[in-house]
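Undergrad: I'd like to ask you about the structure that follows.
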Amino acid sequence: MLAVAVIGGMLKPEYFMLASLLALRAARCYLCPLSTSKSWLSTKASPLGDTNILLMGPPGAGKTTVAKIVAHKLGIPVIDIDIDVLETTWKMPVAAKLATVGGQRFLEEEGQALCGFSASGCVVSLTGSNPLHTEAMQHVTQSGLVIYLDVDSDDIIQRLDRMKVNRIVGQAAGVSIRDILLYRKQFYEKWLDLRVFCGRGDTVEEVVEKVLLAVERYQKRDEETYVSTRCDGAELDGHKTYFTNVVVEGLAADGGLYVPKKGFPKISKKEWLRLVSMTYPERALVLLEKCIHPLDISASDLRTMILKAYGSNFSSERVAPVKHLIHNQYVLELFHGPTASFKDLALQLMPQIFAHCLPPLCNFLTLVATSGDTGSAVLSGFCQLTGADRHRTGVLVFFPEDGVSEIQKLQMMSHKAGNAKVVGVLSDFDFCQKAIKRMFGESGLTGSLAVEYGTVLSTANSINCMGSVVYHASAYLDLCRDGVIGFGEPVDVCIPAGNFGNSMSAVYAKQMGVPIRRVISASNHNRIISDFLTTGEYDLRGRPLLPSHSPAIDILRSSNLERFIHHVSDGSSRLVKELFTFLDTQKHFQLPKHLLGRMRQEVQAGWCSEGDCLAAIHDVCTQTGYLMDTHTAVAKVVADRLLDGSCPMVLCSTAHYGKFAPAVFKALQIRDIPQDPVEQLKKLEISASRPGVHAEMEKCLRDGGRRGHSVCQADYSVLVEEVESMIQDSFLKVV
Ligand SMILES: *Cc1c(COP(=O)(O)O)cnc(C)c1O
Ligand SMILES: *[C@@H]1O[C@H](CO)[C@@H](O)[C@H](O)[C@H]1NC(C)=O
């Protein structure tokens with residue numbers, strides 16, 4: 001059971017630990033008392049007490065050898081299922097048994113033997129085929145932590161070759177070893193607690209080291225906590241914020257943004273090399289497992305979510321493909337998701353993670369401020385939820401009534417999900433974002449919603465970075481796979497920046513070990529980020545928000561800069577708090593001199609005029625047949641200006657051109673523009689040879705129709721009323 005306490009007006013799940021690891025895993029909401037975890041760790045003999053360490057993986061993965069060394073290092077017994085269980089039960093060698101009874105019968109008898117097995121406090125190496133037997137695995141996984149030795153197939157095949165093994169259990173005639181390894185993988189990924197991701201050619205010693213580190217990581221969930229950019233851990237009286245809390249809360253109560261306390265994990269070159277040949281969902285799974293502690297989301301749950309998010313809802317099978325544009329410039333196409341902007345990459349996954357982390361018995365209303373694209377992407381993501389998850393979550397979107405394109409509006413209106421509402425505000429994006437932040441800060445408001453309606457407010461803006469790290473890594477890996485670069489060679493990345501989330505993700509990808517040389521942040525004529533990175537002064541004074549052809553980056557209060565300053569100041573929350581409090585009252589701040597240099601080492605910046613943006617769309621289309629959207633064009637112009645030709649440049653294409661059709665018509669100097677948005681898309685499609693039409697967007701415009709939306713004044717109290725009435729309409733009142 002999960003205890004829910006009202007702390008400062010917000011519901012916070014409090015975790016405490018049960019004595020046994022197994023109960024931990026069995027219960028969906030594990031509870032971890034921080035006080036006992038230390039004593040639990042100090043058991044000298046085995047780090048896991050009575051719990052076994054079960055090594056699982058294909059033949060040739062090194063289970064037996066690794067198990068022996070791990071057991072030796074921990075000073076605990078080792079059991080080999082093949083030798084110590086099967087051969088003693090059957091009184092004959094395993095190979096003889098297999099030859100006698102045949103594959104199918106062998107699997108069954110092997111499973112039955114495992115069902116009778118019991119041990120505690122040991123390292124156990126399972127057989128390669130054990131995971132194919134459900135009942136046996138249900139039995140044995142009760143006794144310990146299952147560690148999957150995920151070894152590269154080429155390495156396995158070489159080893160089996162050396163061991164003169166040419167067939168493995170369950171391999172029918174005509175099926176290659178590679179195919180059977182692929183088939184087996186789904187079983188290993190079903191049963192694992194922890195993955196030990198082995199690099200190409202890792203030695204036994206390296207694998208042993210990784211197993212020990214994995215066990216240690218599993219136990220030390222306390223070390224993977226999050227802090228607010230405005231508050232260091234010390235001030236929190238030992239209260240720890242886990243990934244789960246961050247997902248549910250969204251924004252920190254002190255107004256800051258959450259960041260992982262230890263930063264993002266560094267991944268070794270040998271591991272990156274293995275990721276080169278993997279698909280997008282496979283890469284996402286390995287990378288996110290490293291970022292999310294298994295006690296927050298288990299590896300097998302994470303896998304289900306990732307397959308749902310990236311399995312079939314993207315029109316490109318490669319999810320985020322990289323295409324050659326011209327010379328050594330490449331386009332990272334981030335618009336193949338259901339709503340045609342890069343927001344889908346994060347937001348097809350986020351609602352599933354959110355639903356998974358929600359404590360029971362509460363309703364959740366996600367508040368979204370959008371400059372156009374986040375709104376539809378959040379709505380689309382939440383629409384994928386089913387059953388109870390769908391009933392107890394709602395989405396309320398505020399957007400600037402006159403600041404988004406007609407197509408963006410239609411996309412937002414087209415969602416017929418249960419608890420969803422969109423409201424146009426007669427102001428700009430910054431107003432909407434600030435109003436939401438203010439609601440979070442008012443404990444009177446959040447408290448009364450919690451008490452009266454059992455409803456907690458959340459935002460969609462907080463952990464999106466994590467999903468975005470994956471595509472920056474994936475783009476680099478694609479360039480390696482296609483032979484454009486070798487791993488380790490530099491690339492530059494140019495990103496149209498508004499709230500700076502996408503740019504920040506590239507900085508985090510760099511931290512994880514992706515060899516990105518320069519992250520370049522591109523602004524339109526609302527160039528506050530570009531000015532800030534140039535001068536170190538963030539200055540809102542006398543700077544009105546100018547309308548532009550790239551409305552998704554018409555932002556002056558760029559919220560993720562807070563994460564960036566936290567990053568370059570090595571986590572100085574005091575500085576961040578000082579600067580942003582000063583910004584609230586004085587409308588500007590100056591970054592200390594020594595940090596300006598560090599900031600520019602990480603990210604460089606430039607900006608693009610309206611005229612240059614349209615000219616770039618026109619020129620690139622004429623030269624290459626490729627049609628860019630206006631945001632991509634902003635990146636292209638800035639990239640051209642900073643190009644030094646010494647390495648490839650990846651342009652982040654954050655939207656499909658169809659989303660901003662009127663501006664693109666203008667750029668192409670096409671005059672008679674059809675009224676109907678669907679006709680507009682059709683006309684643009686024949687003006688360029690690539691990329692192709694966005695079928696999902698077209699479908700949405702076709703049957704979206706015009707559902708009404710309400711429009712409200714730029715008045716904070718009116719927005720609060722919208723929140724309250726939405727909650728009253730969506731969720732039952734708690735009596
Ligand atoms: C949201 C958005 C951006 C800006 O991304 P940030 O992470 O806010 O910097 C750029 N282009 C498009 C099309 C967007 O929707
Ligand atoms: C996403 O995929 C699921 C099934 O895989 C499907 O039911 C859903 O309609 C898709 N959504 C969109 C927006 O494409």
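The backbone N, Cα and C atoms fix where each Cβ goes, glycine too.
Because TrEMBL annotations are produced automatically, they should be read as predictions rather than curated entries.
Dumping what TrEMBL says about this protein:
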DOMAIN    226-310  domain 'Threonine synthase N-terminal'
MOD_RES   LYS343  N6-(pyridoxal phosphate)lysine
Undergrad: Give, as a single whole number between 0 and 100, the mean pLDDT over the domain 'Threonine synthase N-terminal' (226-310).
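TA: In the predicted model, the domain 'Threonine synthase N-terminal' (226-310) has a mean pLDDT of 91.
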Undergrad: DSSP three-state call for LYS343 (N6-(pyridoxal phosphate)lysine): helix, strand or coil?
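TA: In the DSSP reduction, LYS343 (N6-(pyridoxal phosphate)lysine) maps to helix.
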Undergrad: What is the number of residues in the domain 'Threonine synthase N-terminal' (226-310) that are helix, strand and coil, as DSSP sees it?
TA: 42 helix, 7 strand, 36 coil
